[in-house]
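Heads up, the thing below is written out as structure tokens.
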Amino acid sequence: MALSFFFLAISLGSPTAIGDVSFDLSTATKKSYSSFITQLRDALPTQGTVCGIPLLPSTASGSQWFRFFNLTNYNDETVTVAVNVTNVYIVAYRADAVSYFFEDTPAEAFKLIFAGTKTVKLPYSGNYDKLQSVVGKQRDMIELGIPALSSAITNMVYYDYQSTAAALLVLIQCTAEAARYKYIEQQVSSHISSNFYPNQAVISLENKWGALSKQIQIANRTGHGQFENPVELYNPDGTRFSVTNTSAGVVKGNIKLLLYYKASVGSEYDIPTTILHPGAMGMLHNQNGNYVTM
């Protein structure tokens, strides 16, 4: 991908400048939100596809490390969010002249993102478990939807220890997780003017993105389409089911981005690693890619 950043103005329907993907919640429709998520996916670099699903790069560095998107809420408040291209992990955001970084953000990122702003290190990481402990609620008890995202932006602009942590839980799921999964995108796009509590299907997909990505790549490598280990997910009604092969619906029509998986040295499932700028500063190797420890 030749350009480091993209600006796709959803409200205008066409690119207006190099910089970011943008979405104005005040004019949101089901179609415009889905277009925003699609263009966010498209702005991420990939190293080919596996089973027809874009595979994210194994590593990235320098200006290639991040993509950015802007969100403007009902109150005309705007935040700019930085996303790690290797795992769609949100690492920082800017509100006016202040930028906020998760406490576990690599030091090199501070030199690359939001230059010229006042930098604040948040007193928590972007891990779901940590954010939920700060908020005092599990994700299934925190509302999602466009109205919830609008309120979240306000709570990101006006920092508060607990309220901002809750806001980040909403942000992550309504953007990064929606980019990873069509089902989560559809859940949010069905709630343009109302909120909803995420069901167990949403939560289990969020928790198992790394596991699904790994098993899809292993199954593709063997040529048989069978997972080495089944991945346990939940239906919306809370019943459990196992995904065991690449013919499953979650593989063929739901997961939209794959976290790169590199097998152990000497494994028959080993997949070659692509490094965008070897030896450059700011190199980051993704790990499990999930916002929650499983």
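Every residue, even glycine, has its Cβ placed from backbone N, Cα and C.
So that you can see what the record holds, here are the features copied from Swiss-Prot:
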| type | residues | note |
| --- | --- | --- |
| ACT_SITE | E177 | active site |
| ACT_SITE | R180 | active site |
| CARBOHYD | N70 | N-linked glycosylation site |
| CARBOHYD | N220 | N-linked glycosylation site |
| SIGNAL | 1-19 | signal peptide |
Tally every other Cβ atom lying within 10 Å of the Cβ atom of E177 (active site). 24
Please work out the number of neighbouring Cβ atoms within 10 Å of the Cβ of N220 (N-linked glycosylation site), leaving out its own Cβ. 21
To the nearest whole angstrom, state the Cα distance for the pair E177 (active site) and N70 (N-linked glycosylation site). 16
If you skip the near sequence neighbours and keep only those at least six away, which residues in the chain come within under 8 angstroms of N70 (N-linked glycosylation site), Cβ to Cβ? D20, V21, S22, F23, T78, V79, T80, V81
Where does N70 (N-linked glycosylation site) sit by DSSP, helix, strand or coil? strand
To the nearest Å, how far is the Cα of N220 (N-linked glycosylation site) from the Cα of R180 (active site)? 19
